[in-house]
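Undergrad: Take this structure, written in structure tokens, and hold onto it; I'll ask about it next.
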Amino acid sequence: MPNFQREFPNTARYLKQRYPDKEPLSSFWHWATLALFAILCIATIKQQLLLIGLLILIAALIKGPGLLLFGALYSLLVSLFPPIGVVLSALFFILNLRLLTKSWRVNLVTSLFYLYPLGLSLLRYFTQWNAHWQIGLELLPGLLLLHFVLMQVYYFHPSARQVAWTVLATPFELISLVLPKRFKKPFRTTVPSTRIKR
């Protein structure tokens with residue numbers, strides 16, 4: 001009997017990555033995402049900001065060294081051959097557009113993950129609904145909605161770990177978009193005026 005993995009190792013590896021053995025709904029990452037969402041929903045605004053800051057720190061520790069290495073390599077290539085900077089920038093822009101159009105479902109899940117808890121915090125602030133049963137009633141629809149939306153996303157992106165990492169690393173990505181790309185001179189040097197005072 002022929003062995004598919006031995007005869008077509010590249011195809012077998014691709015299929016194993018594309019369609020993992022473990023169901024996404026029974027993975028640790030799916031339930032960890034839901035648990036973190038629940039914690040964000042019941043937290044106050046200060047606690048939410050602290051938790052998002054912790055997520056930014058974790059993502060920076062994991063992604064930061066790779067970004068620094070890539071930036072150094074990019075700077076080296078551009079300094080050796082300056083016109084390649086335009087080509088590389090256009091290529092990365094097109095790749096980013098492709099990524100945005102390919103993963104729009106995950107971006108919607110990310111919006112739900114961060115905006116629903118913010119909406120609950122604002123609702124509690126303006127209405128004073130702070131009883132435990134009221135917080136539970138506010139949390140339940142969001143948890144169910146996130147669970148069912150994640151189920152739909154897993155149809156297109158079957159790796160629960162990749163979806164969870166994308167959702168959890170989004171604050172770091174947004175911060176890195178806002179940071180300045182290059183530093184400008186903080187102070188201008190002023191040339192003394194040659195004007196005659198009267």
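Heads up, the Cβ atoms here are built off N, Cα and C, so glycines get one too.
These came from TrEMBL, pasted as-is:
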| type | residues | note |
| --- | --- | --- |
| TRANSMEM | 28-45 | transmembrane segment |
| TRANSMEM | 52-74 | transmembrane segment |
| TRANSMEM | 80-99 | transmembrane segment |
| TRANSMEM | 106-127 | transmembrane segment |
| TRANSMEM | 139-156 | transmembrane segment |
Undergrad: Residues of the same chain, at least six outside the transmembrane segment (28-45), with any C-beta under 8 angstroms of its C-beta?
TA: 51, 113-114, 116-117, 120-121, 125, 135, 138-139, 142-143, 146-147, 150, 160-161, 163-165, 167-168
Undergrad: Below 8 angstroms Cβ to Cβ, which residues of this chain, lying six or more residues outside the transmembrane segment (80-99), approach it?
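TA: Answer is 74.
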